[in-house]
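Straight from TrEMBL, the features:
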type: DOMAIN; residues: 33-74; note: domain 'Leucine-rich repeat-containing N-terminal plant-type'
type: DOMAIN; residues: 102-210; note: domain 'Disease resistance R13L4/SHOC-2-like LRR'
Amino acid sequence: MTTDRRWSRLFYAAILLLVLLHSNVVVYCKTLKRDVKALNEIKASLGWRVVYAWVGEDPCGEGDLPPWTGVTCSRSTVGDYKVVTELEVYAVSIVGPFPTAVTNLLDLTRLDLHNNKLTGPIPPQIERLKRLKILNLRWNKLQDAIPPEIGELKQLTHLHLSFNNFKGEIPKELANLPELRYLQLHENRFTGRIPPELGTLQNLRHMDVGNNHLVGTIRELIKIEGCFPALRNLYLNNNYLTGGIPSQLANLTNLEILYLSYNKMSGIVPSSLAHIPKLTYLYLDHNQFSGRIPDAFYKHPFLKEMYIEGNSFRQGVNPIGVHKVLELSDMDFVV
């Protein structure tokens with residue numbers, strides 16, 4: 001074999017070795033110790049025992065072991081290691097307090113623990129999850145007040161806390177979430193008034209605070225000029241709201257669903273409401289409204305359903321459509 005051919009083979013062998021070494025670095029880069037520790041703490045805590053068959057020490061997978069079920073990892077942008085970016089452990093009857101160790105997963109963008117049996121409060125350390133976009137804790141047994149520290153999660157787009165036992169007032173700090181699109185707080189024990197500061201949220205599309213113990217008026221809620229510019233769905237049903245429907249509510253020109261059922265509201269229904277271009281569902285039932293319904297509502301091109309039972313409207317006032325319980329599926333909240 002000539003010297004040139006020998007050197008050529010050695011050169012290509014060296015290149016192949018470098019490629020293999022580089023591939024191994026990509027495939028087998030370690031998981032950040034902080035995240036490994038946090039998830040192993042959760043794994044060892046009461047109620048989280050092998051519910052998802054978490055095998056091995058590394059939640060992002062090691063060797064031939066895959067990542068733990070419900071755990072999504074990504075390559076760090078600042079170092080040669082992996083970090084946990086999503087934790088989805090839902091509908092497995094996890095019992096116990098909210099796992100504070102979760103707040104050490106500083107790269108989380110999605111935290112979904114819905115439909116379990118978590119108890120106690122959301123810890124104030126939740127503010128550490130600065131990259132969080134989706135927080136879904138609905139259908140648990142969480143309680144106490146929502147910590148105002150949630151207002152520090154500036155990238156949050158979805159906040160789902162419905163079907164729990166939260167109490168106290170809705171914190172006005174939620175108005176500090178500039179990217180928030182979906183706010184679901186229904187079926188809790190909130191009291192007091194809905195913070196009008198929420199109207200400053202420029203991207204809020206859906207707000208559901210129904211089935212609580214809230215008081216106040218719609219006029220107070222929309223008192224900030226130019227409020228709720230992107231709001232499509234407004235659920236205020238099953239509370240203790242009083243007063244009338246102000247004509248200024250028609251300034252929420254993107255409204256499609258307005259749900260006012262089962263409150264203590266009164267007065268007439270303003271004709272301006274019929275000029276909201278895409279109003280589709282209007283629920284006024286079981287209040288104390290009176291007078292007549294303006295003809296414009298019956299000529300509205302998009303209005304499919306207007307439910308009016310349980311009020312004091314004049315005889316001959318008719319509903320529109322056939323009333324049904326309006327429920328939205330999870331797909332309605334996909335980004």
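Every residue, even glycine, has its Cβ placed from backbone N, Cα and C.
Caution: TrEMBL annotation is automatic and unverified by curators.
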Within the domain 'Disease resistance R13L4/SHOC-2-like LRR' (102-210), residues counted as helix, strand or coil by DSSP: 23 helix, 32 strand, 54 coil
Helix, strand and coil residues within the domain 'Leucine-rich repeat-containing N-terminal plant-type' (33-74) as assigned by DSSP: 12 helix, 4 strand, 26 coil
Taken over the domain 'Disease resistance R13L4/SHOC-2-like LRR' (102-210), the model's mean pLDDT: 98
